[in-house]
Amino acid sequence: MGDFNVALVIVAAVVSVLVLLVSVYLLVNYQHPDDANQAWFPKLVVVLGITVAVLSILMLPADVANRQACKRAVYSGACALTLPMKTLWLVVYIIDAVLVFLVIPFAMFYYEGDQDKSVGKRLKSALIWVVASAVVCGLVLGILYALIGKVDFTVRHLSSSVQAFPNPNQFGAFTSGQPCIAPLTRQCSANTAPPNSQTTWTMRATFPEYVVALATIVGSVLFTIFGGVGIACLPLSLIFSFVRRPKAVITRSQYIKEATELGKKAKELKKAAEALHQEERSGNKGRKWRKNVKAVEKELLLLENDMNALEEMYPQGEKAEATWAFTVLAYIGKLIFGIVGLIVSIAWVAHIIIYLLVDPPLSSFLNEIFIKLDSVWGLLGTAAFAFFCFYLLIAVIAGEMMLGLKLVFITIHPMKWGGTLMNSFLFNVGLILLCSISVIQFCATAFAYYAQATAAQEIFGHTLQSLRGIKYLYKYNVFQYGFVALAILTLFYYALFVSPFLNYSANSHQIL
């Protein structure tokens with residue numbers, strides 16, 4: 001048993017290093033050429049944020065493995081060299097909250113600051129905004145913690161009289177009909193307890209746990225909206241993209257015609273951008289101006305996607321045939337991942353309905369699948385468990401991108417291979433960090449049977465769901481109902497308005 005725990009510690013250390021290397025790889029390959037060899041502080045924040053987000057997702061499977069390492073012990077602390085999971089949870093999520101509410105906003109304010117100003121003035125401006133935000137957040141957290149930072153547990157008070165222990169010859173008298181000592185009632189005190197024996201046991205939550213709880217509430221709102229939309233649109237967009245793929249290379253005349261139309265739209269957008277820039281210089285930056293800026297950003301993104309689609313249909317250069325072959329393979333890959341994603345999405349929604357929304361649950365469903373996979377190989381169920389958690393996080397990003405394209409008041413921050421600016425990087429990393437807390441809480445609730453007796457269950461399954469003021473959101477499954485409802489509405493939206501049988505062309509501005 002001790003050897004297994006040592007191996008678990010080694011695996012955790014190796015995985016942490018690998019996650020850090022993957023974070024650096026993503027930064028290097030996704031960053032925009034304009035940010036090469038500059039913006040080092042935002043890049044450091046991005047790498048740290050991705051690392052923390054991924055490790056936080058992997059910590060729940062690690063928590064389960066840590067529990068399994070001591071399954072033969074009476075209690076987890078009886079095993080040597082187990083990971084201090086509760087401490088690690090709190091440390092990771094405090095770092096998460098600091099990054100989301102302090103460090104990332106500071107980096108974004110600094111990066112998006114007026115380039116004409118000196119570095120000192122940009123730092124000062126960003127610091128003022130962050131300090132003001134920190135003071136407000138600190139006051140709100142302190143007041144809320146002082147007033148309602150308590151946990152209310154429902155308990156039942158039981159008492160029983162004491163009788164002489166029977167001699168060994170009398171043990172045969174105990175049966176299912178008479179399980180207790182009292183010869184008259186033939187029932188235990190727990191069965192005969194009056195209704196007024198139920199009471200509430202109140203204790204104050206620790207401040208770190210309270211910070212995690214409030215951050216989870218904020219993340220849960222975003223997770224419910226973006227995740228509910230993304231769980232449906234992610235696989236469907238990939239499948240529809242394959243259905244609407246270019247079937248063959250277009251002719252040169254068709255390419256010139258489409259390129260001419262895109263050129264006209266580009267000129268119109270340039271004029272609109274210049275007009276907005278002129279308004280900015282004159283100091284007219286009201287709500288209407290910001291709305292128009294977001295509308296132009298949306299049209300620019302759509303135009304860029306149309307240009308990429310046109311280039312796909314008419315590859316050029318000496319390696320045009322190879323480029324077309326890779327394009328075909330890419331669409332086949334989208335189909336495969338779309339089908340796998342659709343199966344996972346259906347499994348997720350079905351599991352939420354039959355395990356969380358039905359009382360009592362109809363089945364433990366995915367919990368049983370993970371347990372059976374663990375019986376095949378020790379880490380197989382844990383790996384499947386981690387995959388389902390990661391899939392939820394990817395669905396959140398997909399949902400944010402879709403709503404950003406459909407709703408003007410949501411700022412679009414696309415992630416593009418070799419074309420992502422640092423402000424978009426920082427925004428998406430902040431979103432991932434904020435929603436990762438809610439993803440873990442959601443998974444800890446959805447897979448409570450598989451993740452039972454873990455430190456995550458203690459934090460998210462007991463303390464959070466009994467916290468005064470917010471426990472009713474979890475008692476009545478508000479987030480789960482919202483998640484399923486948005487998933488179903490998104491499915492109907494795709495069926496009615498984004499049908500794969502609609503006509504599609506490169507200049508249609510139809511983004512899936």
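From the backbone N, Cα and C atoms, a Cβ is placed for every residue, glycine too.
Pulled from TrEMBL, these are the features on record:
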TRANSMEM  6-28  transmembrane segment
TRANSMEM  40-62  transmembrane segment
TRANSMEM  90-111  transmembrane segment
TRANSMEM  123-148  transmembrane segment
TRANSMEM  210-243  transmembrane segment
COILED    252-313  coiled coil
TRANSMEM  335-357  transmembrane segment
TRANSMEM  377-405  transmembrane segment
TRANSMEM  425-450  transmembrane segment
TRANSMEM  478-502  transmembrane segment
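Between the transmembrane segment (478-502) and the listed ranges 6-28, 40-62, 335-357, the one holding the most Cβ pairs under 8 Å is 335-357. In this chain, the transmembrane segment (425-450) touches the transmembrane segment (335-357); three or more CB pairs sit within less than 8 A of each other, excluding pairs fewer than 6 residues apart.
Take the transmembrane segment (90-111) and the stretches 40-62, 123-148, 425-450: counting Cβ pairs under 8 Å, 40-62 has the most. Sequence-distant contacts of the transmembrane segment (40-62) (same chain, at least 6 residues past either end, Cβ-Cβ under 8 Å): 8, 12, 15-16, 19-20, 22-24, 26-27, 31, 83, 85, 88-89, 92-93, 95-96, 99, 103-104, 107-108, 110-111, 382-383, 385-386, 389-390, 393, 422-423, 425-426, 429-430, 432-433, 436-437, 439-440, 443-444, 451, 454, 456.
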